[in-house]
Structures are given as C-alpha cells and as structure tokens.
Amino acid sequence: MKPKLMYQELKVPVEEPAGELPLNEIEAWKAAEKKARWVLLVLILAVVGFGALMTQLFLWEYGDLHLFGPNQRPAPCYDPCEAVLVESIPEGLEFPNATTSNPSTSQAWLGLLAGAHSSLDIASFYWTLTNNDTHTQEPSAQQGEEVLQQLQALAPRGVKVRIAVSKPNGPLADLQSLLQSGAQVRMVDMQKLTHGVLHTKFWVVDQTHFYLGSANMDWRSLTQVKELGVVMYNCSCLARDLTKIFEAYWFLGQAGSSIPSTWPRSFDTRYNQETPMEICLNGTPALAYLASAPPPLCPSGRTPDLKALLNVVDSARSFIYIAVMNYLPTMEFSHPRRFWPAIDDGLRRAAYERGVKVRLLISCWGHSDPSMRSFLLSLAALHDNHTHSDIQVKLFVVPTDESQARIPYARVNHNKYMVTERASYIGTSNWSGSYFTETAGTSLLVTQNGHGGLRSQLEAVFLRDWESPYSHDLDTSANSVGNACRLL
C-alpha cells in the first residue's frame, strides 16, 4: 500500500531581464572571441605538427623496432646509397670494343678493408686466398694474398672481424691465420641442418657498406674466374638488414645449434617483396630488398630467394636477361633424381604468354654437367616465329691457354644475376633446385627506372658479354671453341 503523499507545486524562479550591453562592447566581445578561436586553431595545428615531426624522427632513429603490421609500408631510408658494379675479369679475357668497364673485385675489397673502422662480417663458402691453399705457384694469386694480409691487420687495429663459413672439408690455413690475428670464426654445418652448404658470399663493413656477389674467398675469384657483384656504399639501412642474415648464420654456427621453428624477433625484417625499402640509389629513387635461401633460414618478413627470383621473372614485360654458371630444372644433388621446373616454367610462360624476350647466358667449362645441354636445347626450341616466342641460349666460354688450364677449378664465368626492363637481381646461387631449397644463399633485388642506375649498368654488362666472341650458340662446333667445354 502506497503511503499518502502531499504534493506541492514548485514555483519556477522568474529570471529578471538582464540589462542590455552597449553596442560597442558587443562588437569588442565578438572580435575577442574570433581572435581566441584563431589562437586555439594555431595551437592545435602546432601540437599536431610537432607530434608528426617527433614520430618521424623516432622512426628514423628506431627503424628496427616492430612498429608495422605485415602490410604497412616502413619508413623510407634517407641514406645517400651508392651502388657500384664490380667484376673479376680473368687474365687474357678482353673486351676491346666494349664501352662498359667496372672496378675490379679485388680493388673493391681492398677499398672496403682500408675503410673499415669498427666491424667486418663475412659470410663465405670456403677460403683459398693463397698459392699454398691450391698447391700452385701462380703469380696471379698475389691479389688474393694481399686481401688476406689486409684482413689479418684488421683485428689488431680494433676492427671486430666475424667470419661465418660453411663447415669445410678443404684447406683451413687462411681461417687459422685469421683466428690467430684476432678474428672470430664460426663454421656452419649446413649439411646437418638442411643437407646443403653455406654458399653465400657477402661482406658487411661497419654496418654501412657491403659487397654481395658471386666471388668466393679464393684468389682465383680475383684473377682467373669471371665474377660479378655489387658494392653498396653509405647504405646503412640495407647493410643493417644484411647483417640480420649474417646473424642467422652466426647463430647457426654455435655448437649444437639447430634451425628454430620460429626465429626470434630480432632476426625479423620489415623489408621484402611486399614492402621493399625506399632508397635513393645513385641519386635516383629505387626500391630494394634482400632475399635469402633456403626457406627455413627466412625469419618473419624475409622473402625466400626463389620467390623473389620468380617475381622478377613474372613481372617482366619486355625482356629477361640471365647470366648464371649452372642452369638445371632439377634437384641437382638429390637421389633419386627429381625434376624441378619452377624457374623453367616461369621463363617459358613469360616468353609464350607475354611475348617477353628471354636470353640465357650459361657457362661452359670442364666441370659443366652434361645434362644441362638437353634442358637448354629444350628452352631454345621455343624460339619460334609462329608462336612469337623469343628464347635464345648461348654458352660463355673463357679462353684458356696451356698454363692456365693447369689451374684447378678456374677459367669459368661464375656470374649469378638477372636483369629485366624493371629490375635487377644479383645473387649467390646457381639456378637449380637444391640451391633454393637446401643451400644457403642471398640476393639483392632493386627496382629502378631511368638510365645510369644499377639496372641499366647490369643490362650493359649482359649485352657486352652476349655480343662478345666468347659467347657461342648451342650448335657451335666444339673444335672451334678450343676449351674443355662439355656442353658442345
């Protein structure tokens, strides 16, 4: 039962009329209000602008922090990166009419060593920089021996030297001498880890400059084998990212190590095929990233080498020029034999479906796998005016005299690169399945428009070699070559 309540009507207080302000005071009040609004707007814009500036500065300073999702583009690199192609041209190999000339590999290496201040990291396959290593007495070994001497001088002058090398089954004298000089060396047992080898070839100096290319730590790679690589100067953004690949090798070089099921985040990268690094390269805007093989050695964000290579092939619309020592659409070292057409299919599709001009310059020497010839002939057979498929294959043979023929494992074109109208790919692997699925390798990919950049320089090198007298059609007589080419 509700209690009986007494309600009393409340009286709303009546507002007394306010006195009206004089007209001049009203105008003054409106002007002051307008001014206050403008001041507030300026303050808000200043705060927002300052916040944006500090955010940008933070990203520049702490670019390696994990601040981006998988599809967010990282901040550009503002280093004045300079790329220089470097080559080893074997003694006796001349291009008299060529307009393309690049610094030598030994010149570039010695320059990097002379300029090293704090650190040098080297990822390598094997070490034979002296005549003693190869049981030879060749004057041309002098360049390799000088490189070794300069390497030995680094640690005593305060440079931290780290060397990751494939677990060797050959000479150790160079590595032992470097250990004695104060360098650190770790041997990576890729055979145990992935049934492959550490085939990578790169240097990182002061986390600012780097070399990446086909040259091994071998005196023959400086004077008796044709090599190609790139030196990147003043490009700490890319150099630090390459150091992450080295750190993976360094980690795996520890005793009892194994490949992590998930790599620690410190190995991750933000730069890959989907989000390449924006850089200024030789004064021109470019996109770049580093890829790695095999896939188990690719932490989060790292594009596998094969995926990167195939993306270059699939993106080409005009031409694809390839220079590589070995080309085999097989798992070269597998037993039983396995067909592996990943790259082969991409090249055939590019030529047939998109009308892309494909050129392959394959090396031929005394150690070439004879089975390559059948696969190369199969590719070349697609050259047809009716289908408008334009694939051509040539063999590059380094001329050899009697004394040079006595140098073991020399006198070969060891290049491993590709160039299209859009991109350049410089790697460390031969083009067969095992190199991408089991063996450790690294590649640099750069997309750059215009002339004078890395891409156009690489194209010029390819055309120089393609049009040289050292390049031969597959139907060339073996007798006319005068070398131990096993593919003719």
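Any Cβ shown, glycine's included, is placed from N, Cα and C.
Per Swiss-Prot, the cysteine from C237, C280, C485 that shares a disulfide bond with C364 is C485. Swiss-Prot marks one residue of N97, N430 with the annotation N-linked glycosylation site, and that residue is N97.
Within the set C81, C298, the cysteine that Swiss-Prot bonds to C235 via a disulfide is C81. In the shown protein chains, 22 other C-beta atoms lie within 10 A of the C-beta of C77 (disulfide bond).
Using a 10 Å Cβ-Cβ cutoff, C81 (disulfide bond) registers 25 neighbours. Cα spacing between C364 (disulfide bond) and N385 (N-linked glycosylation site): 28 Å, rounded to the nearest whole number.
In this structure, the C-alpha atom of N385 (N-linked glycosylation site) lies 34 angstrom from that of F436 (Mg(2+) binding site).
Spatially, by CA atoms, the recorded positions C235, H414, C485 include one closest to N282 (N-linked glycosylation site), and that is C235. Ranking the disulfide-bonded residues C364, C485 by the number of CB atoms within 10 A of their own CB puts C364 at the top. Considering only the glycosylation sites N132, N385, the Cβ with the fewest other Cβ atoms within 10 Å is that of N385. Per-site Cβ counts within 10 Å over the glycosylation sites N97, N234 peak at N234.
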